[in-house]
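J.: Quick paste of what TrEMBL says about this protein:
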| type | residues | note |
| --- | --- | --- |
| TRANSMEM | 25-45 | transmembrane segment |
| TRANSMEM | 57-81 | transmembrane segment |
| TRANSMEM | 93-115 | transmembrane segment |
| TRANSMEM | 127-149 | transmembrane segment |
| TRANSMEM | 161-179 | transmembrane segment |
| TRANSMEM | 199-220 | transmembrane segment |
Amino acid sequence: MSSTPPETRPRPTAAAPSVRAERGWWTLVAVVGVASLGLQLWLTLTSGEPALGTRLVRLVSFFTISTNVLVALLAVLVATGRHPDDRHGTAPVWWRALRLGAPVCIVVVGVVYHLRLADLVELTPLGAVADAGLHSVVPVLALVGWVWFTPRGLADARAALLALVYPVLWAVWTFTRGAGDGWYPYPFVDVGVVGVDGAVRGVVGVTVLLAVLLTAAMLVDRALGRRRAR
């Protein structure tokens, strides 16, 4: 009898959706996300004032835009299959953080926008199309994609903590840049409007909301994994 220990293989991720269904859905997310971002970029390039460089920096300073970029990146990688293996328990933490954090952050984008920001801007017809894509359609598609077309078992504490680094870095960038030229992307973080204390409370509030939703997502991930495994 051979004394060679049996080969150990990575444990499969619980109840993964079919590759075809997963790629198909995230292809839809990628198309809508890239199209919405492209339209918003074109509107920014053709808007005239202020200077082009300033317009572009301000565009990417919106949490909405950077989060939609992350969702689009996630969607393209899943749609094309060019991502780490996440079906056998071997996915690196950065990938698990992206698969968890991008959908959660974009849901927060949609919720905060519709509760606090939607009535503050007047939009052109094309601007309204881009706005709907970035703040409404992509959040819904990404949420459905995470619930129904994402392998379970990827959401854990390490991934959630790493996902929180993104909004913290965004807050640091927002306050650092705002201190230089006085421009802030949202009124609830605008030091000139709500003061330093109010701006800090705004950022802390959003960060706490993200932390709560990331924790909830971990619990949902486990529950869905058990349900699919039955």
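The backbone N, Cα and C atoms fix where each Cβ goes, and this holds for glycine too.
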J.: Look at every Cβ pair spanning the transmembrane segment (199-220) and the transmembrane segment (93-115), keep those 6 or more apart in sequence, and say whether at least 3 of them are under 8 Å.
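T.: Counting Cβ pairs under 8 Å (6 or more apart in sequence), the transmembrane segment (199-220) reaches the transmembrane segment (93-115), since there are 3 or more.
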J.: If you count every Cβ pair below 8 Å, which range out of 93-115, 127-149, 161-179 shares the most with the transmembrane segment (25-45)?
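T.: Of the candidates 93-115, 127-149, 161-179, 127-149 scores highest.
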